[in-house]
(Lines of atoms letter the chains of each structure in order from A; the text may use other names.)
(Lines give C-alpha, C1' and ligand atoms only; values in the text may rest on other atoms or scores of the structure.)
Protein backbone atom coordinates (compact mmCIF):
# COMPACT_ATOMS: atom_id res chain seq x y z
CA UNK A 1 0.00 0.00 0.00
CA UNK A 2 2.66 2.48 0.99
CA UNK A 3 5.38 3.07 -1.49
CA UNK A 4 8.31 3.10 0.90
CA UNK A 5 11.02 3.15 -1.68
CA UNK A 6 9.27 5.67 -3.86
CA UNK A 7 10.07 8.91 -2.25
CA UNK A 8 12.61 11.50 -3.06
CA UNK A 9 14.26 13.99 -0.77
CA UNK A 10 12.19 16.88 -2.04
CA UNK A 11 9.08 15.26 -0.62
CA UNK A 12 10.27 15.38 2.96
CA UNK A 13 8.38 18.55 3.82
CA UNK A 14 5.18 17.20 2.35
CA UNK A 15 5.49 13.90 4.20
CA UNK A 16 6.17 15.57 7.53
CA UNK A 17 3.36 18.10 7.16
CA UNK A 18 1.03 15.24 6.31
CA UNK A 19 2.11 13.28 9.38
CA UNK A 20 1.49 16.27 11.62
CA UNK A 21 -1.92 17.00 10.13
CA UNK A 22 -3.14 13.44 10.40
CA UNK A 23 -1.77 13.24 13.93
CA UNK A 24 -3.80 16.33 14.81
CA UNK A 25 -6.89 14.72 13.37
CA UNK A 26 -6.28 11.64 15.51
CA UNK A 27 -5.82 13.82 18.60
CA UNK A 28 -9.07 15.64 17.94
CA UNK A 29 -10.78 12.27 17.58
CA UNK A 30 -9.32 11.14 20.87
CA UNK A 31 -9.93 14.35 22.80
CA UNK A 32 -13.68 13.90 23.54
CA UNK A 33 -12.90 10.53 25.14
CA UNK A 34 -10.20 12.02 27.32
CA UNK A 35 -12.47 14.91 28.21
CA UNK A 36 -15.34 12.64 29.25
CA UNK A 37 -13.01 10.39 31.28
CA UNK A 38 -11.59 13.45 33.07
CA UNK A 39 -15.08 14.77 33.66
CA UNK A 40 -16.11 11.48 35.25
CA UNK A 41 -13.18 11.70 37.67
CA UNK A 42 -13.65 15.34 38.65
CA UNK A 43 -15.65 16.74 41.53
CA UNK A 44 -19.15 17.97 40.85
CA UNK A 45 -18.15 21.46 41.89
CA UNK A 46 -15.21 21.62 39.50
CA UNK A 47 -17.38 20.31 36.66
CA UNK A 48 -20.11 22.86 37.39
CA UNK A 49 -17.57 25.67 37.40
CA UNK A 50 -16.36 24.67 33.94
CA UNK A 51 -12.77 24.05 34.99
CA UNK A 52 -12.47 20.56 33.51
CA UNK A 53 -10.70 20.80 30.16
CA UNK A 54 -8.09 18.09 29.81
CA UNK A 55 -7.29 16.39 33.11
CA UNK A 56 -9.46 15.61 36.16
CA UNK A 57 -9.91 18.47 38.63
CA UNK A 58 -10.21 17.55 42.36
CA UNK A 59 -9.75 13.88 41.51
CA UNK A 60 -12.61 11.78 42.92
CA UNK A 61 -14.46 8.60 42.09
CA UNK A 62 -17.68 9.86 43.69
CA UNK A 63 -19.55 9.86 40.39
CA UNK A 64 -18.70 6.18 39.88
CA UNK A 65 -19.84 5.46 43.42
CA UNK A 66 -23.17 7.08 42.59
CA UNK A 67 -23.53 5.18 39.29
CA UNK A 68 -22.56 1.79 40.70
CA UNK A 69 -24.93 2.19 43.65
CA UNK A 70 -27.93 2.61 41.34
CA UNK A 71 -29.78 -0.73 41.00
CA UNK A 72 -31.12 0.38 37.61
CA UNK A 73 -27.57 0.63 36.28
CA UNK A 74 -26.92 -3.03 37.06
CA UNK A 75 -30.31 -4.16 35.76
CA UNK A 76 -29.67 -2.36 32.48
CA UNK A 77 -26.13 -3.65 32.22
CA UNK A 78 -27.36 -7.20 32.69
CA UNK A 79 -30.09 -6.66 30.08
CA UNK A 80 -27.57 -5.35 27.57
CA UNK A 81 -25.58 -8.57 28.01
CA UNK A 82 -28.75 -10.62 27.51
CA UNK A 83 -29.68 -8.75 24.33
CA UNK A 84 -26.14 -8.80 22.98
CA UNK A 85 -25.44 -12.48 23.57
CA UNK A 86 -28.97 -13.74 22.85
CA UNK A 87 -29.34 -11.51 19.81
CA UNK A 88 -25.97 -12.43 18.31
CA UNK A 89 -26.57 -16.17 18.77
CA UNK A 90 -30.03 -15.84 17.24
CA UNK A 91 -28.56 -13.90 14.31
CA UNK A 92 -25.99 -16.58 13.56
CA UNK A 93 -28.59 -19.35 13.82
CA UNK A 94 -30.69 -17.65 11.15
CA UNK A 95 -28.05 -16.03 8.97
CA UNK A 96 -25.50 -18.84 8.46
CA UNK A 97 -27.97 -21.50 7.18
CA UNK A 98 -29.92 -18.88 5.21
CA UNK A 99 -26.82 -17.51 3.49
CA UNK A 100 -25.71 -21.06 2.67
CA UNK A 101 -29.08 -21.98 1.15
CA UNK A 102 -29.16 -18.77 -0.90
CA UNK A 103 -25.70 -19.55 -2.28
CA UNK A 104 -26.72 -23.03 -3.60
CA UNK A 105 -27.05 -23.24 -7.38
CA UNK A 106 -29.57 -26.08 -7.09
CA UNK A 107 -31.94 -24.01 -4.90
CA UNK A 108 -35.26 -23.75 -6.73
CA UNK A 109 -36.33 -20.13 -7.18
CA UNK A 110 -32.91 -18.92 -6.06
CA UNK A 111 -33.21 -15.62 -7.94
CA UNK A 112 -36.60 -14.97 -6.37
CA UNK A 113 -35.45 -15.70 -2.82
CA UNK A 114 -32.36 -13.55 -3.23
CA UNK A 115 -34.43 -10.70 -4.62
CA UNK A 116 -36.84 -11.05 -1.73
CA UNK A 117 -33.95 -10.53 0.69
CA UNK A 118 -32.29 -7.73 -1.27
CA UNK A 119 -35.53 -5.81 -1.83
CA UNK A 120 -35.70 -5.00 1.88
CA UNK A 121 -32.52 -2.95 1.50
CA UNK A 122 -34.26 -0.64 -0.97
CA UNK A 123 -37.74 -0.49 0.42
CA UNK A 124 -38.73 -0.40 4.04
CA UNK A 125 -42.22 -0.17 5.49
CA UNK A 126 -40.99 2.37 8.04
CA UNK A 127 -41.25 2.94 11.77
CA UNK A 128 -44.99 2.87 12.29
CA UNK A 129 -45.94 -0.36 10.47
CA UNK A 130 -42.95 -2.07 12.08
CA UNK A 131 -44.10 -0.93 15.52
CA UNK A 132 -47.73 -1.95 14.92
CA UNK A 133 -46.53 -5.32 13.65
CA UNK A 134 -44.54 -5.86 16.84
CA UNK A 135 -47.60 -4.91 18.87
CA UNK A 136 -49.85 -7.27 16.92
CA UNK A 137 -47.34 -10.06 17.46
CA UNK A 138 -47.44 -9.33 21.22
CA UNK A 139 -43.72 -8.67 21.21
CA UNK A 140 -43.82 -5.34 23.07
CA UNK A 141 -41.98 -5.29 26.38
CA UNK A 142 -40.45 -8.68 25.66
CA UNK A 143 -36.86 -9.91 25.79
CA UNK A 144 -37.66 -12.37 23.02
CA UNK A 145 -39.19 -9.62 20.90
CA UNK A 146 -35.99 -7.57 20.93
CA UNK A 147 -33.82 -10.63 20.33
CA UNK A 148 -35.78 -12.02 17.38
CA UNK A 149 -36.98 -8.86 15.64
CA UNK A 150 -33.46 -7.58 14.91
CA UNK A 151 -31.79 -10.94 14.39
CA UNK A 152 -31.45 -10.68 10.65
CA UNK A 153 -30.89 -8.18 7.88
CA UNK A 154 -30.23 -8.25 4.15
CA UNK A 155 -26.75 -6.81 4.46
CA UNK A 156 -25.34 -9.56 6.69
CA UNK A 157 -26.98 -12.33 4.68
CA UNK A 158 -25.62 -10.98 1.40
CA UNK A 159 -22.16 -10.48 2.88
CA UNK A 160 -21.98 -14.09 4.04
CA UNK A 161 -23.65 -15.48 0.92
CA UNK A 162 -21.05 -13.76 -1.25
CA UNK A 163 -18.31 -15.28 0.84
CA UNK A 164 -19.82 -18.76 0.55
CA UNK A 165 -20.11 -18.32 -3.21
CA UNK A 166 -16.43 -17.46 -3.46
CA UNK A 167 -15.37 -20.80 -1.95
CA UNK A 168 -14.21 -23.15 -4.75
CA UNK A 169 -16.60 -26.07 -5.22
CA UNK A 170 -13.71 -28.55 -5.13
CA UNK A 171 -13.76 -28.42 -1.31
CA UNK A 172 -17.39 -29.39 -1.30
CA UNK A 173 -17.02 -32.11 -3.94
CA UNK A 174 -14.48 -33.94 -1.80
CA UNK A 175 -16.97 -34.01 1.07
CA UNK A 176 -19.79 -35.10 -1.24
CA UNK A 177 -17.65 -38.04 -2.39
CA UNK A 178 -17.58 -39.15 1.23
CA UNK A 179 -21.37 -39.03 1.22
CA UNK A 180 -21.87 -35.75 3.08
CA UNK A 181 -25.33 -34.15 2.90
CA UNK A 182 -26.06 -30.40 2.94
CA UNK A 183 -26.12 -30.12 6.72
CA UNK A 184 -22.71 -31.75 6.88
CA UNK A 185 -21.28 -29.77 3.97
CA UNK A 186 -22.31 -26.54 5.69
CA UNK A 187 -20.97 -27.59 9.07
CA UNK A 188 -17.76 -29.30 8.00
CA UNK A 189 -16.78 -27.40 4.86
CA UNK A 190 -18.35 -23.98 4.61
CA UNK A 191 -18.36 -22.85 8.23
CA UNK A 192 -14.70 -23.72 8.91
CA UNK A 193 -13.60 -22.10 5.65
CA UNK A 194 -15.62 -18.94 6.33
CA UNK A 195 -14.32 -18.08 9.77
CA UNK A 196 -13.22 -14.54 8.85
CA UNK A 197 -16.59 -13.72 7.25
CA UNK A 198 -18.54 -15.26 10.12
CA UNK A 199 -16.36 -13.35 12.58
CA UNK A 200 -17.14 -10.13 10.71
CA UNK A 201 -20.88 -10.77 10.82
CA UNK A 202 -20.63 -11.71 14.50
CA UNK A 203 -18.83 -8.48 15.29
CA UNK A 204 -21.39 -6.46 13.34
CA UNK A 205 -24.13 -8.12 15.39
CA UNK A 206 -22.37 -7.58 18.71
CA UNK A 207 -21.68 -3.91 18.03
CA UNK A 208 -25.22 -3.28 16.75
CA UNK A 209 -26.72 -5.00 19.79
CA UNK A 210 -24.50 -3.32 22.32
CA UNK A 211 -25.23 0.10 20.85
CA UNK A 212 -28.86 -0.42 19.88
CA UNK A 213 -31.14 2.08 21.52
CA UNK A 214 -33.97 3.43 19.39
CA UNK A 215 -36.15 0.32 19.17
CA UNK A 216 -35.37 -0.70 22.72
CA UNK A 217 -36.62 2.73 23.79
CA UNK A 218 -39.78 2.39 21.68
CA UNK A 219 -40.60 -1.26 22.38
CA UNK A 220 -39.71 -1.54 26.06
CA UNK A 221 -41.62 0.30 28.78
CA UNK A 222 -40.73 -2.01 31.65
CA UNK A 223 -37.65 -0.61 33.42
CA UNK A 224 -36.57 -4.12 34.34
CA UNK A 225 -36.04 -4.88 30.67
CA UNK A 226 -34.39 -1.75 29.31
CA UNK A 227 -30.76 -2.00 28.15
CA UNK A 228 -27.94 0.26 29.22
CA UNK A 229 -28.27 2.63 26.25
CA UNK A 230 -31.89 3.42 27.11
CA UNK A 231 -30.97 3.95 30.75
CA UNK A 232 -28.11 6.19 29.65
CA UNK A 233 -30.47 8.23 27.50
CA UNK A 234 -32.82 8.58 30.42
CA UNK A 235 -29.98 9.90 32.58
CA UNK A 236 -28.70 12.28 29.90
CA UNK A 237 -31.95 13.80 28.70
CA UNK A 238 -34.20 13.54 31.70
CA UNK A 239 -32.05 13.67 34.79
CA UNK A 240 -30.74 17.11 33.95
CA UNK A 241 -34.31 18.45 34.04
CA UNK A 242 -35.34 16.41 37.06
CA UNK A 243 -35.69 18.77 40.01
CA UNK A 244 -35.84 15.99 42.55
CA UNK A 245 -32.54 14.65 41.32
CA UNK A 246 -31.10 18.17 41.23
CA UNK A 247 -32.03 18.58 44.89
CA UNK A 248 -29.93 15.56 45.84
CA UNK A 249 -26.93 17.18 44.18
CA UNK A 250 -26.59 20.07 46.60
CA UNK A 251 -23.50 19.34 48.67
CA UNK A 252 -22.94 16.12 46.70
CA UNK A 253 -19.42 15.42 45.41
CA UNK A 254 -20.85 14.73 41.95
CA UNK A 255 -23.04 16.56 39.43
CA UNK A 256 -25.32 15.56 36.55
CA UNK A 257 -22.35 15.99 34.22
CA UNK A 258 -19.93 13.86 36.18
CA UNK A 259 -22.54 11.12 36.70
CA UNK A 260 -23.38 11.15 32.98
CA UNK A 261 -19.69 10.99 32.13
CA UNK A 262 -19.20 8.07 34.51
CA UNK A 263 -22.02 6.07 32.88
CA UNK A 264 -20.60 6.87 29.45
CA UNK A 265 -17.20 5.53 30.53
CA UNK A 266 -18.78 2.38 32.00
CA UNK A 267 -20.60 1.63 28.79
CA UNK A 268 -17.60 2.33 26.54
CA UNK A 269 -15.23 -0.01 28.40
CA UNK A 270 -16.59 -3.29 26.94
CA UNK A 271 -16.44 -1.77 23.44
CA UNK A 272 -12.79 -0.87 24.03
CA UNK A 273 -12.12 -4.43 25.18
CA UNK A 274 -13.41 -6.05 21.99
CA UNK A 275 -12.15 -3.26 19.75
CA UNK A 276 -8.76 -4.86 19.01
CA UNK A 277 -10.55 -7.92 17.58
CA UNK A 278 -12.92 -5.76 15.59
CA UNK A 279 -9.98 -3.84 14.17
CA UNK A 280 -8.16 -6.95 13.11
CA UNK A 281 -11.03 -8.00 10.86
CA UNK A 282 -12.09 -4.64 9.54
CA UNK A 283 -8.55 -3.85 8.45
CA UNK A 284 -8.72 -6.76 6.07
CA UNK A 285 -11.54 -5.03 4.26
CA UNK A 286 -13.84 -8.03 4.38
CA UNK A 287 -16.80 -5.74 4.75
CA UNK A 288 -16.25 -4.58 1.19
CA UNK A 289 -17.84 -7.82 0.03
CA UNK A 290 -21.15 -6.42 1.16
CA UNK A 291 -20.98 -3.35 -1.04
CA UNK A 292 -21.26 -5.31 -4.24
CA UNK A 293 -23.56 -8.25 -4.53
CA UNK B 1 -51.13 -35.81 -18.18
CA UNK B 2 -47.96 -37.72 -18.77
CA UNK B 3 -45.98 -34.47 -18.85
CA UNK B 4 -47.42 -33.50 -15.53
CA UNK B 5 -46.45 -36.70 -13.82
CA UNK B 6 -42.91 -36.49 -15.11
CA UNK B 7 -42.74 -32.92 -13.89
CA UNK B 8 -44.11 -33.87 -10.48
CA UNK B 9 -41.64 -36.71 -10.38
CA UNK B 10 -38.83 -34.34 -11.14
CA UNK B 11 -39.89 -32.02 -8.32
CA UNK B 12 -40.19 -34.97 -5.96
CA UNK B 13 -36.73 -36.17 -6.93
CA UNK B 14 -35.33 -32.68 -6.48
CA UNK B 15 -36.86 -32.38 -3.01
CA UNK B 16 -35.71 -35.83 -2.01
CA UNK B 17 -32.16 -34.92 -2.92
CA UNK B 18 -32.16 -31.32 -1.69
CA UNK B 19 -34.76 -30.99 1.06
CA UNK B 20 -32.10 -29.95 3.54
CA UNK B 21 -31.44 -26.73 1.64
CA UNK B 22 -35.07 -25.72 2.08
CA UNK B 23 -34.92 -26.51 5.78
CA UNK B 24 -31.88 -24.26 6.07
CA UNK B 25 -33.58 -21.52 4.06
CA UNK B 26 -36.89 -21.60 5.93
CA UNK B 27 -35.96 -19.59 9.07
CA UNK B 28 -34.55 -16.75 6.97
CA UNK B 29 -37.58 -16.56 4.69
CA UNK B 30 -40.02 -16.80 7.60
CA UNK B 31 -38.11 -14.07 9.42
CA UNK B 32 -38.24 -11.77 6.40
CA UNK B 33 -41.95 -12.37 5.95
CA UNK B 34 -42.86 -11.87 9.60
CA UNK B 35 -40.64 -8.90 10.39
CA UNK B 36 -40.19 -7.05 7.10
CA UNK B 37 -42.95 -8.04 4.67
CA UNK B 38 -45.81 -8.15 7.15
CA UNK B 39 -45.24 -4.46 8.05
CA UNK B 40 -45.44 -3.70 4.31
CA UNK B 41 -48.96 -5.13 4.40
CA UNK B 42 -49.65 -2.88 7.36
CA UNK B 43 -48.56 0.13 5.31
CA UNK B 44 -52.12 0.26 3.92
CA UNK B 45 -53.11 2.25 7.01
CA UNK B 46 -51.54 5.21 5.20
CA UNK B 47 -54.77 5.16 3.12
CA UNK B 48 -57.12 4.30 5.97
CA UNK B 49 -58.73 5.92 8.96
CA UNK B 50 -56.93 3.57 11.29
CA UNK B 51 -58.19 2.80 14.74
CA UNK B 52 -56.53 0.41 17.12
CA UNK B 53 -59.85 -1.31 17.90
CA UNK B 54 -60.86 -1.98 14.30
CA UNK B 55 -57.39 -3.14 13.38
CA UNK B 56 -55.60 -2.84 10.04
CA UNK B 57 -58.14 -4.80 7.99
CA UNK B 58 -61.26 -3.39 9.66
CA UNK B 59 -60.43 0.30 9.36
CA UNK B 60 -62.20 2.14 6.52
CA UNK B 61 -60.38 3.38 3.42
CA UNK B 62 -60.08 7.14 3.04
CA UNK B 63 -57.86 7.43 -0.03
CA UNK B 64 -55.18 10.13 -0.06
CA UNK B 65 -56.59 12.19 2.78
CA UNK B 66 -53.52 11.74 5.00
CA UNK B 67 -51.27 12.89 2.20
CA UNK B 68 -53.39 16.01 1.74
CA UNK B 69 -53.12 16.66 5.46
CA UNK B 70 -49.35 16.15 5.36
CA UNK B 71 -48.72 18.49 2.47
CA UNK B 72 -50.97 21.08 4.05
CA UNK B 73 -49.05 20.84 7.31
CA UNK B 74 -46.31 23.39 7.98
CA UNK B 75 -44.61 20.95 10.32
CA UNK B 76 -44.30 18.24 7.69
CA UNK B 77 -43.11 20.65 5.00
CA UNK B 78 -40.55 21.99 7.45
CA UNK B 79 -39.41 18.46 8.26
CA UNK B 80 -39.07 17.68 4.56
CA UNK B 81 -37.04 20.84 3.99
CA UNK B 82 -34.81 20.13 6.97
CA UNK B 83 -34.21 16.57 5.77
CA UNK B 84 -33.02 17.77 2.38
CA UNK B 85 -30.90 20.59 3.83
CA UNK B 86 -29.26 18.41 6.49
CA UNK B 87 -28.54 15.64 3.96
CA UNK B 88 -27.05 18.08 1.48
CA UNK B 89 -24.84 19.68 4.12
CA UNK B 90 -23.76 16.26 5.39
CA UNK B 91 -22.89 15.26 1.83
CA UNK B 92 -21.04 18.50 1.16
CA UNK B 93 -18.92 18.45 4.32
CA UNK B 94 -18.94 14.78 5.21
CA UNK B 95 -18.27 13.16 1.84
CA UNK B 96 -14.82 14.61 1.06
CA UNK B 97 -13.37 13.96 4.53
CA UNK B 98 -12.86 10.16 4.26
CA UNK B 99 -11.27 10.60 0.82
CA UNK B 100 -8.85 13.20 2.15
CA UNK B 101 -8.06 10.99 5.13
CA UNK B 102 -7.41 7.95 2.93
CA UNK B 103 -5.06 9.99 0.73
CA UNK B 104 -3.27 11.22 3.84
CA UNK B 105 -2.95 7.72 5.26
CA UNK B 106 -1.43 6.63 1.98
CA UNK B 107 1.32 9.23 2.35
CA UNK B 108 2.30 8.10 5.85
CA UNK B 109 5.45 6.02 5.48
CA UNK B 110 5.90 4.88 9.05
CA UNK B 111 3.66 1.84 9.38
CA UNK B 112 3.46 1.92 13.19
CA UNK B 113 2.39 5.55 13.16
CA UNK B 114 -0.14 4.80 10.46
CA UNK B 115 -1.65 1.84 12.32
CA UNK B 116 -1.88 3.84 15.54
CA UNK B 117 -3.65 6.75 13.88
CA UNK B 118 -6.02 4.40 12.08
CA UNK B 119 -6.88 2.61 15.31
CA UNK B 120 -7.80 5.93 16.88
CA UNK B 121 -9.87 7.34 14.04
CA UNK B 122 -11.89 4.15 13.44
CA UNK B 123 -12.93 3.99 17.08
CA UNK B 124 -15.85 6.46 17.19
CA UNK B 125 -17.71 4.37 14.59
CA UNK B 126 -18.20 1.69 17.23
CA UNK B 127 -19.55 4.05 19.88
CA UNK B 128 -23.31 4.32 20.23
CA UNK B 129 -25.32 7.39 19.30
CA UNK B 130 -26.49 7.71 22.90
CA UNK B 131 -22.92 7.95 24.16
CA UNK B 132 -21.98 10.43 21.48
CA UNK B 133 -25.01 12.55 22.29
CA UNK B 134 -23.94 12.35 25.95
CA UNK B 135 -20.48 13.59 25.07
CA UNK B 136 -21.91 16.37 22.88
CA UNK B 137 -24.39 17.49 25.54
CA UNK B 138 -21.68 17.52 28.21
CA UNK B 139 -19.12 19.32 26.05
CA UNK B 140 -21.57 22.00 24.86
CA UNK B 141 -23.29 22.51 28.19
CA UNK B 142 -23.64 26.22 29.06
CA UNK B 143 -22.09 26.17 32.51
CA UNK B 144 -19.75 23.21 32.67
CA UNK B 145 -18.98 22.37 29.03
CA UNK B 146 -15.48 22.70 27.69
CA UNK B 147 -16.60 24.61 24.58
CA UNK B 148 -18.01 27.43 26.66
CA UNK B 149 -15.00 27.35 28.94
CA UNK B 150 -12.75 27.94 25.95
CA UNK B 151 -15.06 30.68 24.61
CA UNK B 152 -14.81 32.28 28.03
CA UNK B 153 -10.98 32.22 27.92
CA UNK B 154 -11.04 34.27 24.77
CA UNK B 155 -13.55 36.71 26.21
CA UNK B 156 -16.61 35.57 24.29
CA UNK B 157 -20.02 35.26 25.87
CA UNK B 158 -21.23 31.81 26.78
CA UNK B 159 -23.70 30.26 24.35
CA UNK B 160 -26.40 27.73 25.22
CA UNK B 161 -25.64 25.84 22.00
CA UNK B 162 -28.27 23.12 22.13
CA UNK B 163 -31.16 25.56 22.43
CA UNK B 164 -29.99 27.68 19.48
CA UNK B 165 -31.55 26.66 16.15
CA UNK B 166 -28.64 28.14 14.19
CA UNK B 167 -26.16 25.88 16.03
CA UNK B 168 -28.02 22.61 15.65
CA UNK B 169 -26.86 21.71 12.16
CA UNK B 170 -23.16 22.50 12.64
CA UNK B 171 -23.14 20.44 15.83
CA UNK B 172 -25.03 17.53 14.27
CA UNK B 173 -22.94 17.44 11.10
CA UNK B 174 -19.69 17.99 12.99
CA UNK B 175 -20.35 15.14 15.38
CA UNK B 176 -21.29 12.94 12.41
CA UNK B 177 -17.98 13.66 10.72
CA UNK B 178 -16.13 13.04 13.96
CA UNK B 179 -17.83 9.68 14.27
CA UNK B 180 -17.71 8.35 10.71
CA UNK B 181 -14.99 10.06 8.64
CA UNK B 182 -12.23 7.73 9.84
CA UNK B 183 -14.12 4.50 9.37
CA UNK B 184 -15.52 5.53 5.99
CA UNK B 185 -11.96 6.03 4.73
CA UNK B 186 -11.45 2.23 4.73
CA UNK B 187 -13.27 1.88 1.43
CA UNK B 188 -11.00 4.43 -0.22
CA UNK B 189 -7.88 2.94 1.35
CA UNK B 190 -8.85 -0.40 -0.15
CA UNK B 191 -9.21 1.28 -3.54
CA UNK B 192 -5.79 2.92 -3.17
CA UNK B 193 -4.29 -0.46 -2.29
CA UNK B 194 -5.54 -1.75 -5.61
CA UNK B 195 -3.67 0.83 -7.70
CA UNK B 196 -1.04 -0.73 -9.94
CA UNK B 197 2.39 -0.09 -8.32
CA UNK B 198 4.16 0.10 -11.67
CA UNK B 199 2.39 3.42 -12.27
CA UNK B 200 4.19 4.91 -9.28
CA UNK B 201 7.49 3.28 -10.25
CA UNK B 202 7.52 4.84 -13.68
CA UNK B 203 6.44 8.19 -12.22
CA UNK B 204 9.44 8.10 -9.86
CA UNK B 205 11.74 7.38 -12.79
CA UNK B 206 10.30 10.50 -14.41
CA UNK B 207 11.11 12.47 -11.26
CA UNK B 208 7.55 13.07 -10.04
CA UNK B 209 7.00 14.29 -6.48
CA UNK B 210 4.57 12.55 -4.12
CA UNK B 211 2.21 15.49 -4.39
CA UNK B 212 2.15 15.10 -8.18
CA UNK B 213 1.69 11.33 -7.92
CA UNK B 214 -1.26 11.81 -5.62
CA UNK B 215 -3.02 14.11 -8.09
CA UNK B 216 -1.98 12.37 -11.30
CA UNK B 217 -2.11 8.70 -10.27
CA UNK B 218 -3.88 8.01 -6.98
CA UNK B 219 -6.92 10.26 -7.35
CA UNK B 220 -7.70 9.32 -10.98
CA UNK B 221 -7.24 5.64 -10.09
CA UNK B 222 -9.73 5.71 -7.23
CA UNK B 223 -12.22 7.92 -9.09
CA UNK B 224 -14.57 4.98 -9.89
CA UNK B 225 -14.77 4.17 -6.16
CA UNK B 226 -15.37 7.83 -5.33
CA UNK B 227 -18.18 8.00 -7.89
CA UNK B 228 -19.81 4.79 -6.66
CA UNK B 229 -19.69 5.94 -3.04
CA UNK B 230 -21.12 9.30 -4.08
CA UNK B 231 -23.97 7.58 -5.90
CA UNK B 232 -24.68 5.37 -2.88
CA UNK B 233 -24.77 8.48 -0.71
CA UNK B 234 -27.18 10.24 -3.05
CA UNK B 235 -29.33 7.11 -3.10
CA UNK B 236 -29.53 7.30 0.70
CA UNK B 237 -30.12 11.04 0.75
CA UNK B 238 -33.22 10.83 2.91
CA UNK B 239 -31.47 8.70 5.49
CA UNK B 240 -30.33 11.28 8.01
CA UNK B 241 -29.23 9.96 11.37
CA UNK B 242 -32.55 10.60 13.05
CA UNK B 243 -31.63 8.67 16.21
CA UNK B 244 -28.95 11.25 16.91
CA UNK B 245 -31.43 14.04 16.18
CA UNK B 246 -33.95 12.59 18.64
CA UNK B 247 -31.23 12.65 21.27
CA UNK B 248 -30.01 16.16 20.54
CA UNK B 249 -32.99 18.23 19.51
CA UNK B 250 -35.57 19.97 21.67
CA UNK B 251 -38.63 22.07 20.90
CA UNK B 252 -36.45 25.18 20.77
CA UNK B 253 -34.47 23.75 17.85
CA UNK B 254 -37.23 21.95 15.93
CA UNK B 255 -37.22 24.65 13.27
CA UNK B 256 -33.80 23.56 12.01
CA UNK B 257 -33.59 20.04 13.45
CA UNK B 258 -36.89 18.29 12.86
CA UNK B 259 -36.60 15.85 9.92
CA UNK B 260 -39.16 13.49 8.38
CA UNK B 261 -38.23 10.54 10.56
CA UNK B 262 -38.31 12.52 13.79
CA UNK B 263 -41.67 13.92 12.69
CA UNK B 264 -42.93 10.37 12.11
CA UNK B 265 -41.60 9.35 15.50
CA UNK B 266 -43.40 12.17 17.28
CA UNK B 267 -46.68 12.01 15.36
CA UNK B 268 -46.83 8.24 15.38
CA UNK B 269 -45.20 6.89 18.48
CA UNK B 270 -45.63 9.81 20.83
CA UNK B 271 -48.93 11.38 19.71
CA UNK B 272 -50.40 8.10 18.43
CA UNK B 273 -51.54 9.30 14.99
CA UNK B 274 -50.40 6.04 13.44
CA UNK B 275 -52.13 6.43 10.07
CA UNK B 276 -50.83 9.94 9.38
CA UNK B 277 -47.32 9.00 10.47
CA UNK B 278 -47.44 5.84 8.33
CA UNK B 279 -48.39 8.01 5.35
CA UNK B 280 -45.36 10.21 5.99
CA UNK B 281 -43.25 7.05 6.24
CA UNK B 282 -44.64 5.70 2.97
CA UNK B 283 -43.85 8.95 1.21
CA UNK B 284 -40.32 8.78 2.60
CA UNK B 285 -39.87 5.16 1.54
CA UNK B 286 -41.14 5.72 -1.99
CA UNK B 287 -38.86 8.71 -2.57
CA UNK B 288 -35.94 6.75 -1.10
CA UNK B 289 -36.72 3.78 -3.36
CA UNK B 290 -36.79 5.98 -6.47
CA UNK B 291 -33.50 7.62 -5.45
CA UNK B 292 -31.76 4.28 -4.87
CA UNK B 293 -33.02 2.80 -8.14
CA UNK B 294 -31.99 5.91 -10.07
CA UNK B 295 -28.58 5.81 -8.40
CA UNK B 296 -28.11 2.19 -9.42
CA UNK B 297 -29.11 2.85 -13.01
CA UNK B 298 -26.72 5.78 -13.25
CA UNK B 299 -23.89 3.79 -11.73
CA UNK B 300 -24.52 0.93 -14.17
CA UNK B 301 -24.38 3.27 -17.11
CA UNK B 302 -21.32 5.27 -16.14
CA UNK B 303 -19.05 2.92 -14.32
CA UNK B 304 -20.21 -0.42 -15.65
CA UNK B 305 -20.32 -1.38 -11.97
CA UNK B 306 -23.74 -2.10 -10.66
CA UNK B 307 -24.24 -1.79 -6.93
CA UNK B 308 -26.08 -5.10 -6.89
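The backbone N, Cα and C atoms fix where each Cβ goes, glycine too.
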Subject >> Which listed span TrEMBL calls transmembrane segment, if the choices are A:175-196, A:197-218 >> reply: A:197-218
Subject >> Among ranges A:112-131, A:232-251, whichever one TrEMBL labels transmembrane segment >> reply: A:112-131
Subject >> Matching range for TrEMBL feature annotation, transmembrane segment, among A:55-76, A:143-164 >> reply: A:143-164
Original post:
Do at least three C-beta pairs under 8 angstroms join the transmembrane segment (A:112-131) to the transmembrane segment (A:143-164), pairs 6 or more apart in sequence?
Top reply: yes
Original post:
Short question: which residues 6 or more past the ends of the transmembrane segment (A:143-164) have a Cβ under 8 Å from it?
Top reply: 79, 82-83, 86-87, 90-91, 93-96, 98-100, 102-103, 114, 117-118, 120-121, 134, 137, 190, 194, 197-198, 200-201, 204-205, 208-209, 212, 215-216, 219-220, 225, 286-287, 289-290, 292-293
Original post:
Near the transmembrane segment (A:81-100), which residues from the same chain, at least 6 beyond its ends, have a CB less than 8 A from one of its CBs?
Top reply: 143, 146-148, 150-152, 156-158, 160-161, 163-164, 182, 186, 190-191, 198, 201-202, 205-206, 209-210, 212, 216, 227
